[in-house]
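Enquirer: Can you read through this structure? Questions will come right after.
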Amino acid sequence: MTRKDDYYNRAKQQGYRSRAAYKLKQLDEAADLINEGDTVVDLGAAPGGWLQVANELAGEAGTVVGVDLQRIDPIEGVETVRGDMTEDATREKVRALVGEADVVISDMAPNMTGEYSLDHARSVHLARMAFETALDLLAPNGDLVAKVFEGPDTDDLRADIDREFEYVRTIHPDASRDSSSELFMVAKGRLTAPVREGDTLEVEIDNLGDEGDGVAKVDGYTLFVSGAEPGDAPEVRVTDVKPRFGFAETLE
């Protein structure tokens, strides 16, 4: 039996609407995405396999919302919105349901043409749509999963996502077909800090941290500056950004 047939048959036996349900299960096992009580938004959710898994993981205390242009048959405990996520009206409906999301997930894929470069470009476009939606909906420290077909534009997409999250990794779940070029960008820890890695700026050192680094505040955000002393006002380059604090080095 092929891997495709195995997951297809398992989905039928276990009541999942698509074999893709196992992709989300494996992504969650690898990256600890959805926890009890989480609010989850699934983009391009039809027919609902990912919604079923997200609902299991978030539990009764969680909130799960699926968005798609196609109708999604009802799933107990899951809200659905029929619409285009790029339109303001659809986003407003979702925000009214969830406020802020803990996790945004997307298994969206383009209609395949068989032309590799075109299919890749369209998949990157859909992944960017998911990324932009996540920036709008995610709570601080929230997570994103977005599917993309591997190709020449994948690295640029990853770099853009990486700038807005604590870290990004790519995962090819076992449930994906062997012949598929699909991979999933898994971005953890939505950053809301006023600085990003690589930024240069002038700061004022107010005091010293426990490890002896200078401490500066940027719009209330704590930046630790190695080798700086209280009273200094150096120009620095940001070297690492965490949800609640970051690190920088002085420029010569």
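Cβ atoms are placed via backbone N, Cα and C, with glycine included.
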Enquirer: Can you tell which of ASP32, ASP68, ASP119 Swiss-Prot lists as binding S-adenosyl-L-methionine with GLY48, TRP50, ASP84, ASP107?
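Expert: Between ASP32, ASP68, ASP119, Swiss-Prot records just one in the S-adenosyl-L-methionine site with GLY48, TRP50, ASP84, ASP107, namely ASP68.
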Enquirer: So of ASP68, ASP84, ASP107, which of the binding-site residues has the fewest other Cβ atoms within 10 Å around its own Cβ?
Expert: ASP84
Enquirer: Could you say whether, by DSSP, ASP84 (S-adenosyl-L-methionine binding site) belongs to a helix, a strand or a coil region?
Expert: coil
Enquirer: Considering Cα atoms only, can you say which of GLY48, TRP50, ASP68 is the nearest neighbour of LYS147 (active site, proton acceptor) among these binding-site residues?
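Expert: Answer for the nearest of the binding-site residues: TRP50.
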